[in-house]
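Asker: First the structure, then my questions, so here it is.
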């Protein structure tokens, strides 16, 4: 068990892009019509080694998380309720890893609940779970990265990537998910949201309490934000808390 855990947590040097590197582009990994800030960018804080090119998005527990690209679920875990701002909690994160073929995958961490299982085929924008605070996490957020599938574990090395409409956003950039285009998608999200208890937005770290993110809003995002609220964090649009059970593995800040 110890050997297995150490294997999963092993870090490797970050991938160094070259002039011929094809940078993959993926969608926004949270549900339509929602707006959240990048709370941690690349090569800073805990985003080193395997996580160099990861992004963190500060959001309340229970935010619907969606597949950023079509693919097949390679790994999924949703049975942990444990989390704290401590690297020792890394093995207790809930996670989803989606294979996109061509040697690339996307990784999503810190769920409060997961609604997919290994082997499931998912489409871009499909619900895969609800954000949380499990594992090594200093406040509710989504940890997201594109990675090279070089091992069977959940923590493969990240690669440079772009988010559609935003490129490679830096810390404090507001990211607005596209509007809900399919009534079926909207109704499913609303039905699931309605069954869950409200959870206030919390800072990822104490130093970020009351942080007001600004800048980096692309064309069209303001209209989405206006529909959501007069501010990016209107409590009337904050999705509710999702529930999970015990145990867990994985995790990044």
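Any Cβ shown, glycine's included, is placed from N, Cα and C.
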Asker: Region 'Disordered' per TrEMBL: which of the ranges 136-194, 195-253 is that?
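Answerer: My reading of TrEMBL: the region 'Disordered' range is 195-253.
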Asker: Write out how many residues of the domain 'M23ase beta-sheet core' (53-148) are helix, how many strand and how many coil, based on DSSP.
Answerer: 6 helix, 46 strand, 44 coil
